[in-house]
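Worksheet: the structure to be examined is printed underneath.
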Amino acid sequence: MADGEMNSGSDLREGLLSGSAHSPPAQVKRIGIDDMLRLHAGELGRWQLRHFVLTCAAWALEAFHTMVMIFADREPAWQCKFAGGCPPDNCGIPAASWEWVEGSGASTVSEWGLICGQRYKVGLSQSAFFAGCMVGAGVFGHLSDSFLGRKGSLTIVCILNAISGVVTSLSPTYWFYTGFRFLNGFGTGGVGLCAFVLATEPIGPSKRGVAGMSTFYFFSGGIAILAGVAYLFPTWRTLYIVSSLPSLVFVLLIIPFISESPRWYLIRRQTAKAMDIMRTIARCNGREIPPGITLKLDDEDDEENSKECSQLKQYADAKISDLQVAESGSIIDVLRSRRTRLRLILMVCINFLCAIVYYGLTLNVVNLKTNLYLNVTLNSVAEMPAFVITAVLLDRLGRKPLGVGTMMLSGVSCSIGFFISGTGVLMKTIRMICGVIGIFGMAAMYNLLFIYTTELFPTVVRNAALGCVTQATQLGAILAPLVVVAGQSLPFAVFGGCGIVGALLTYYLPETMNKPLYDTMTGLEDGEGKFVI
């Protein structure tokens with residue numbers, strides 16, 4: 001504070017020496033970004049819509065890099081070379097007596113013989129990818145909150161994904177392939193959280209919930225597109241190249257038209273740049289920010305003083321804001337505060353449980369033994385109604401009731417599936433319906449968790465918190481295949497228990513509907529007063 005006042009005084013003395021032609025205005029009013037969007041720039045206008053669509057295209061890229069494993073690591077059809085009876089399993093017959101229908105280059109399984117006793121390696125490479133996602137989410141979550149920014153971090157991860165994806169297609173052995181998949185996951189872990197925060201931060205508080213929920217349409221759409229691409233390029237090496245190049249196209253053709261988050265500029269004490277973006281938003285939306293209005297952080301004093309010295313100090317503070325020390329934070333700051341610490345622990349547990357159920361139920365699609373490309377397409381399309389219903393109810397019921405309801409729906413449905421026994425068509429159909437309802441509820445919750453996490457933490461640590469809970473999600477994704485291979489009934493019991501426990505934990509989170517997005521830890525503490533969580 002002393003340094004800020006000293007700098008302010010120095011600037012004021014320079015202003016007096018420079019003459020009255022450059023004297024400050026009589027009054028400068030400082031308001032938060034949410035207030036400026038709501039009152040002057042517009043909460044969701046033409047600028048935000050264009051920026052949102054361009055930024056969220058990165059979610060389709062994340063779907064490419066994540067779900068490509070379904071097709072690259074599939075077990076292709078095989079056939080016996082000689083006439084006569086052919087057993088249902090190729091593990092018990094000589095290798096010379098059968099062959100892959102599509103050739104050995106169709107997938108990693110056929111090229112490196114990942115069958116029978118080597119089948120565990122398929123899961124190992126997939127776990128390596130999710131482990132990379134877990135590490136990358138934490139690293140890029142911190143970097144995007146610090147000097148790299150949201151846009152800079154998104155650029156880096158897209159370049160890394162393009163390079164690692166192409167290099168993966170050149171893998172000479174299985175172990176090289178597994179290592180490159182880890183590297184690819186490292187970049188992919190940062191794509192979703194950087195794109196989500198960058199897309200939703202310039203949107204006003206009353207529209208942010210629906211906009212945040214809409215990001216997952218791009219992910220589901222990316223999965224559906226990938227299924228078509230995989231059908232056209234059935235060999236795994238070609239598929240990795242084709243699915244990786246769009247990341248490079250995104251960097252060259254789309255990122256130049258994406259703006260950095262004004263909230264990031266503000267916490268970095270670059271108020272002039274933040275104001276430039278806000279004026280651009282207002283102008284594109286057909287609005288105008290009145291003269292004498294500037295931005296402030298949550299923990300900055302906004303009281304107006306009629307004394308001339310106070311007016312001069314406000315003007316000087318606005319002018320030298322770019323020279324001040326940038327506001328920064330890390331996951332350590334989240335853990336120091338009891339309020340944010342409890343929120344982080346709850347969100348980590350909820351995301352972990354949600355991921356086990358979501359990815360576990362999704363993996364069952366492969367076990368249907370029907371057309372793989374059609375199944376993946378239908379699975380991605382089936383998630384969209386959950387997104388629609390959640391988006392509609394988000395600002396009517398609130399985040400907390402919707403979260404409790406969707407997780408409880410999924411948990412109860414999977415629990416019913418556990419108690420359904422029998423091998424008949426009817427029993428299989430009922431279990432399938434239970435699984436569909438379970439993934440419907442969990443897809444809705446999975447969608448909700450991003451916007452919920454964004455609203456629970458202030459700007460200065462938002463991406464760090466998102467990175468932390470995303471790590472928990474990836475850990476759940478790593479463990480999900482282990483649950484699936486446990487049998488037919490036990491997975492439903494595990495998924496049901498995870499859903500019910502997750503609903504109970506969600507009950508202890510605070511409601512964030514129509515609440516402001518705080519910029520700093522101090523602003524959050526002051527704004528939420530006496531509440532415990």
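In case you wondered, yes, glycine gets a Cβ from its N, Cα and C as well.
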37-54, 127-144, 271-288 - the range that TrEMBL marks as transmembrane segment: 127-144
Candidate ranges 83-101, 406-424, 463-481 [criterion: TrEMBL lists as transmembrane segment]: 406-424
Which of 156-177, 344-361, 373-394, 490-509 contacts the transmembrane segment (127-144) most, counting Cβ pairs under 8 Å: 156-177
Candidates 156-177, 215-233, 239-259, 344-361; stretch with most C-beta pairs under 8 Å toward the transmembrane segment (373-394): 215-233
Beyond the flanks of the transmembrane segment (239-259) by at least 6 residues, Cβ under 8 Å: 51, 54-55, 57-58, 60-61, 64-65, 68, 71-72, 151, 154-155, 158-159, 161-162, 164-166, 168-169, 198, 202, 226, 229-230, 233, 277, 280
